[in-house]
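Visitor: I am attaching a structure below and will ask some questions about it afterwards.
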Amino acid sequence: MKGISRMSIREVSEVLNTEPSEEFLKACAQDERLGIQNLIVRYYKEWEARLVEAERIEALLREEKQLWLNGYLHIAGIDEAGRGPLAGPVVAATCILPAKFNLPGLNDSKKLTESKREKLFQQIKEQAIGYAVGSAEPAEIDGLNILQATKLAMKRAVEGLKVRPHFLLIDALELPSLKIPQKGIIDGDALSASIAAASILAKVSRDHLMGELDKLYPEYGFAKNKGYGTREHLMALRRCGVSPIHRRSFAPVQQQLDIV
């Protein structure tokens, strides 16, 4: 490589985007060109951000690492999406992550933008040892109650795995019907990488489904509100009545049925 003084700013930038040596970084720091100084400042800011992110991901793996040490190889994180909406199914997902993965930004799905969730959704599916999605339909929610329907969706997700899980990490709940060692973790989607990954799979899968249901029932705006009781959704409910995918046991829907 030629000396840095003979390199253009563009050439220096290209080297900094690889894995520059300490010698190269020192040379950049000593270069008096303003463009090079800006590049080196940006490089170290990005390096520090990557370090902080690596430490955050490491903290998210605390539960998994302890379980791996105890001999549990396949740890399945489980989470749900859609307990609160007035329409559509409750969807659960389970995900078994490898010990080494590259999912920058992995977090509780509620803390991510839609575009970031979509990107991670694809990355998780590509890198996971195993994953599956399960759901419980509105009629099942009405017949059981939302808590039991959520557990049913989670059970279906676990049963859909092609890889046998050795331990389950579940957001807030326990699934006694599954005879697999398990642990419920309050706010698990913010504390466990496996549960965070499952939360993204569940959320994005449900959002996609509500987009499809919007084509069948466009008057309710499901693609936008995902079935939640927004002002526009409630107005459509009063105007158009109850659809086949509304949860009849939920108060606003029940009130509309009582009016009819």
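Residue positions begin at 1 at the first shown residue.
Here the Cβ of each residue, glycine as well, is placed from N, Cα and C on the backbone.
Note that the coordinates shown come from a computational prediction; the quantities given were computed from them, not determined experimentally.
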Visitor: Which residue of D31, D142, D171 does Swiss-Prot report at the same divalent metal cation site as D79, E80?
Guide: D171
Visitor: By a 10 A CB contact count over all chains shown, which of the binding-site residues listed here is most packed: E80, D171?
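Guide: Highest number of other Cβ atoms within 10 Å: E80.
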Visitor: Please list residues from the chain of D79 (divalent metal cation binding site) whose Cβ is under 8 angstroms from its Cβ, counting only those at least six apart in sequence.
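Guide: For D79 (divalent metal cation binding site), the qualifying residues are A92, A93, S109, I170, D171, G188, D189, I195, A196, A198, S199, A202.
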